[in-house]
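*Asks:* According to TrEMBL, the protein has these features:
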| type | residues | note |
| --- | --- | --- |
| BINDING | CYS30, CYS114, CYS212 | [4Fe-4S] cluster binding site |
| BINDING | HIS59, HIS92, HIS142, SER240, SER241, ASN242, SER285 | dimethylallyl diphosphate binding site |
| BINDING | HIS59, HIS92, HIS142, THR182, SER240, SER241, ASN242, SER285 | (2E)-4-hydroxy-3-methylbut-2-enyl diphosphate binding site |
| BINDING | HIS59, HIS92, HIS142, SER240, SER241, ASN242, SER285 | isopentenyl diphosphate binding site |
| ACT_SITE | GLU144 | active site, proton donor |
Amino acid sequence: MSATPSRPSAADVPDTDRRRVLLAAPRGYCAGVDRAVIAVEQALEQYGAPVYVRHEIVHNKYVVKTLEKKGAIFVEETSEVPEGEIVIFSAHGVAPEVHKEAERGKLATIDATCPLVTKVHKEAVRYAKEDYDILLIGHEGHEEVIGTSGEAPEHVTLVDGPSDVENVEVRDPEKVVWLSQTTLSVDETMETVDALKGRYPNLLSPPSDDICYATQNRQTAIKQVAEEADFVLVVGSRNSSNSVRLVETAIAHGARDGRLVDSAEEIDEAWLDGVRTVGLSSGASVPEVLVDEVLEWLAGRGWEDVEIVQPVEERMQFSLPKELRKDLRAEAKSRMSG
Ligand code: SF4
C-alpha cells in the first residue's frame, strides 16, 4: 500500500521556487481618514439620514459606496445642498470661500479636514500675512491643493513637480517659501525643492514636514518591500494621491513592476507570470477588508506564505471634529428663522 503524498510545506519548497507575499506595514487607514469616516458615520447616527458630504470624504470608492448605503449624499458643490441641511467637508480640506458659501446657504457644517492639512492651511495664511510668495508643491486640480491655495490665492503659485520649476515666477527671490501637499512622494518633493533652491538660494522651508507621517511611513515600508519583491500590488483608488505614489515608489526602489487596484477583482493573473515574491500595501484611505480580499486571492493561487515587513510603528489618532459635540439641526433651524 502506497502512502498518500502529503502537500509540501513551505519549508520543503526550495527557496528559489517559494511563492511569498511581503505585506507592508503600516498600510491602509491613517488617522485623518479614520476620523473623517467616523465623523460621517456619527453624524448619520446623531442626526439621521440624509447627511450631505462635499466631495468624496476620502479618495476610496468602497468607503464612499458604503457610506452612501448608510444615507450619506455626496455632492460636488455646497450649492447642491438644500438650505438648513448638514454638510460635511472632506479630509482634504476646503478653501475659506467654501465655508462662506455654506453660511450663505444656511447650512450646518462639520469640518472633517485632516488636522495635518489644516496645519498647511495655517502656514499658508501666516506666510501670506508676512507677504511671502508661497510655492506650493502639489498636483494641479487635487482637492487639497485647491483648498490650500484658496487660503491665499494672491500669494500661492503651484509647482507640479521638478519639471514645473522653470515656469515659476516670483516677485522677490529673497522672500519665497515652499509648502507642499501632504500626500506626495517624499523623494520627488525633495527633487523639486532642490531645483527650486537652485533658482532661489534663500528659499525658506516650512517649520516642519508638510508631507504627513502616514504618507511617509507607507512609503518607507513599500521601499523596504520593493527591495525583495518582483511585483507590487497596492490597493487604492486612482484618484488617491498617496496610493498612486506607493506604486511609483515601489518601482523606483527595485520592484520590477507594480499595479494599483481598487479590489482583488481587478487583479489580472497574467501580471504574476514568473513572479515569486509579491509585495502588498494599501493607501491611507483603504479599509483593511480590501487587503484581506487580495491576500485571499493570492493564497488561492499559491501565495500563501505571508511575511510582514514593518520598518516603522504608527500610533497616531485624532479627536473627532468639534462640531459633532453640538446640536447642529437646532443650529441650522435657528439660522433659517434668523
Ligand atoms: S494622508 Fe495624511 S494628511 Fe491625508 S488624511 Fe491621512 S494623515 Fe491626514
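Cβ coordinates come from backbone N, Cα and C, glycine included.
Because TrEMBL annotations are produced automatically, they should be read as predictions rather than curated entries.
Since we're looking at a predicted model, the values are computed, not measured.
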*Asks:* Quick one: Cα separation, HIS142 (dimethylallyl diphosphate binding site) versus THR182 ((2E)-4-hydroxy-3-methylbut-2-enyl diphosphate binding site), in Å?
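*Replies:* Cα of HIS142 (dimethylallyl diphosphate binding site) to Cα of THR182 ((2E)-4-hydroxy-3-methylbut-2-enyl diphosphate binding site) measures 11 Å after rounding.
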*Asks:* SER285 (dimethylallyl diphosphate binding site): which of the recorded positions CYS114, GLU144, THR182, CYS212 have a C-alpha within 10 angstroms of it?
*Replies:* none
*Asks:* Under a criterion of Cβ-Cβ distance under 8 Å and sequence separation of at least 6, what residues of the same chain contact HIS92 (dimethylallyl diphosphate binding site)?
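*Replies:* In sequence order, the residues whose Cβ lies under 8 Å from that of HIS92 (dimethylallyl diphosphate binding site) (at least 6 apart) are HIS55, HIS59, THR113, CYS114, VAL117, HIS142, GLU143, GLU144, GLY147.
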*Asks:* List nothing but the one residue from CYS30, CYS114 whose Cβ has the fewest other Cβ atoms within 10 Å; the candidates are the binding-site residues.
*Replies:* CYS114
*Asks:* Highest CB neighbour count within 10 A among the binding-site residues THR182, SER240, SER241, ASN242, SER285?
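*Replies:* Result for the most crowded candidate: SER285.
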*Asks:* Please work out which residue of HIS59, HIS142 has the most C-beta neighbours within 10 angstroms of its C-beta, and give that one of the binding-site residues.
*Replies:* HIS59
*Asks:* Given CYS30, HIS142, CYS212 as the binding-site residues, which ones have a Cβ positioned under 6 Å from some atom of ligand 1?
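*Replies:* From CYS30, HIS142, CYS212, counting a Cβ under 6 Å from ligand 1 as near, the near ones are CYS30, CYS212.
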*Asks:* Give the maximum pairwise CA distance in Å, whole number, for the residues HIS59, HIS92, HIS142, THR182, SER240, SER241, ASN242, SER285 listed as binding (2E)-4-hydroxy-3-methylbut-2-enyl diphosphate.
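*Replies:* Across HIS59, HIS92, HIS142, THR182, SER240, SER241, ASN242, SER285, the two farthest Cα atoms sit 15 Å apart.
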*Asks:* My understanding is the cutoff is Cβ-Cβ under 8 Å with a sequence separation of 6 or more in the same chain; which residues meet that for CYS212 ([4Fe-4S] cluster binding site)?
*Replies:* CYS30, GLY32, CYS114, LEU116, THR182, THR183
*Asks:* Within 10 Å of the Cβ of the residue listed as 'active site, proton donor', how many other Cβ atoms can you find? Include all protein chains, please.
*Replies:* 25
